Ligand SMILES: Nc1nc2c(ncn2[C@@H]2O[C@H](COP(=O)(O)OP(=O)(O)OP(=O)(O)O)[C@@H](O)[C@H]2O)c(=O)[nH]1
């Protein structure tokens with residue numbers, strides 16, 4: 001009998017969750033950014049490891065909730081922990097163990113978990129050994145501790161083998177042909193958000209979102225129309241940029257990512273619209289797909 005199950009990827013903002021998920025998938029799906037708190041919604045990715053099926057659930061980073069949108073993100077992460085068969089807690093190797101201790105407090109119903117020490121390429125071998133020693137003080141709480149580096153291609157097989165070892169026997173939960181349960185729409189939206197993060201500085205990326213208005217997949221050149229939502233008129237000006245330069249860059253970056261996934265030419269049309277106070281407007285957040 002095969003094994004199958006849901007695995008939540010949790011960790012502090014910027015721990016490297018989305019990067020890890022993309023690396024495992026070999027396709028670019030989740031949003032990766034150097035800025036913290038870029039992942040807003042949970043997204044699923046299905047990975048076949050030999051004959052077993054792992055459904056990874058990427059979550060927003062665990063952090064202090066202040067704004068309504070941040071509260072939503074924290075709740076999403078906690079829900080994912082509760083819903084999954086197994087949890088992978090990602091900790092950058094340079095992080096102090098105090099953050100893990102906080103996770104143990106949040107993880108009140110003591111879900112089984114594996115610790116991944118991420119970004120080990122950023123610390124020395126001696127520091128890594130020291131860090132492993134520090135985590136081993138909590139060895140009663142976790143199933144395994146796996147050092148990992150996406151940049152150095154270390155730890156992938158070890159992680160997948162360990163996950164499968166701890167999953168129960170089960171029929172497949174999804175068609176193994178699918179690489180993701182995310183709708184194409186949501187993936188394209190994330191690509192555009194990622195391009196905003198890469199091209200626009202300061203607070204604006206956090207105060208903006210993207211609505212995919214239309215996708216015409218049947219045309220030889222896929223036609224996508226999307227609207228970037230911002231909080232203020234001044235932000236609209238910055239997103240558009242001088243003579244439209246900024247929005248052109250955003251559009252170009254996002255289009256290249258979409259074309260890579262769609263494997264065909266794409267015509268991406270972008271608009272910008274001002275919606276004051278949207279990050280605190282519960283109804284509007286729900287219209288954008290952030291369901292409670
Ligand atoms: N050096 C190094 N950097 C990494 C590694 N994995 C991820 N990063 C970097 O860490 C940063 C954060 O990665 P993300 O994958 O966006 O982190 P996240 O946990 O999904 O972040 P949130 O969306 O904020 O929750 C990016 O700049 C990545 O390139 C790694 O193995 N080595």
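Cβ from N, Cα, C; glycine included.
Here's what TrEMBL has on this protein:
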{"type": "DOMAIN", "residues": "3-169", "note": "domain 'Era-type G'"}
{"type": "BINDING", "residues": "11-18, 58-62, 118-121", "note": "GTP binding site"}
{"type": "REGION", "residues": "11-18", "note": "region 'G1'"}
{"type": "REGION", "residues": "37-41", "note": "region 'G2'"}
{"type": "REGION", "residues": "58-61", "note": "region 'G3'"}
{"type": "REGION", "residues": "118-121", "note": "region 'G4'"}
{"type": "DOMAIN", "residues": "192-276", "note": "domain 'KH type-2'"}
Listed binding-site residues (14, 59), ranked by Cβ neighbours within 10 Å, top entry: 59
Other CB atoms within 10 A, centred on residue 11 (GTP binding site): 25
Where residue 11 (GTP binding site) sits in the secondary structure, as DSSP reduces it to three classes: strand
Protein Cβ atoms within 10 Å of residue 120 (GTP binding site), excluding its own: 25
Around the Cβ of residue 17 (GTP binding site), the count of other Cβ atoms that are within 10 Å: 27
Candidates near ligand 1 among the binding-site residues 14, 17, 59, 120, judged by a Cβ under 6 angstroms: 14, 17
Helix, strand and coil counts within the region 'G4' (118-121) (DSSP): 2 helix, 1 strand, 1 coil
